[in-house]
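Participant: Copying in the features that Swiss-Prot gives for the protein in this structure:
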BINDING   80, 82, 84  Mg(2+) binding site
BINDING   81, 97, 104  Zn(2+) binding site
């Protein structure tokens, strides 16, 4: 599957040919996770509305929830002003983080408003 050349021309990829992909929950606005996409992963996501990412460690594609059941149905995909990050607006089924939490930012708070 190939990415529309008009979209591909707007992407600013890193040295590995990837762009950052941030998933945000449509219902709550929660920022759920960040992963990586190459042109193929983005093309698959746009074609299927299933969030598809590229694993740098496994060097393969993965569809969110394919094994866990914690799927992301993609309602909208936006490209940021620099062209180096895409935002996926999704319906999240189950946990978004591989640790089992709702978001990947449910852990350590480095700075918060004073109590």
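In case you wondered, yes, glycine gets a Cβ from its N, Cα and C as well.
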Participant: Here the binding-site residues are 81, 97, 104; which one has the lowest number of other Cβ atoms no more than 10 Å from its Cβ?
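Facilitator: So among 81, 97, 104, the binding-site residues given, the one with the fewest Cβ atoms within 10 Å is 81.
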Participant: Any idea what the Cα distance is from residue 80 (Mg(2+) binding site) over to residue 104 (Zn(2+) binding site), rounded to a whole Å?
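Facilitator: So the alpha carbons of residue 80 (Mg(2+) binding site) and residue 104 (Zn(2+) binding site) sit roughly 21 Å from each other.
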Participant: Just name the most isolated of the binding-site residues 82, 84, going by other Cβ atoms within 10 Å of its Cβ.
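Facilitator: So among 82, 84, the binding-site residues given, the one with the fewest Cβ atoms within 10 Å is 82.
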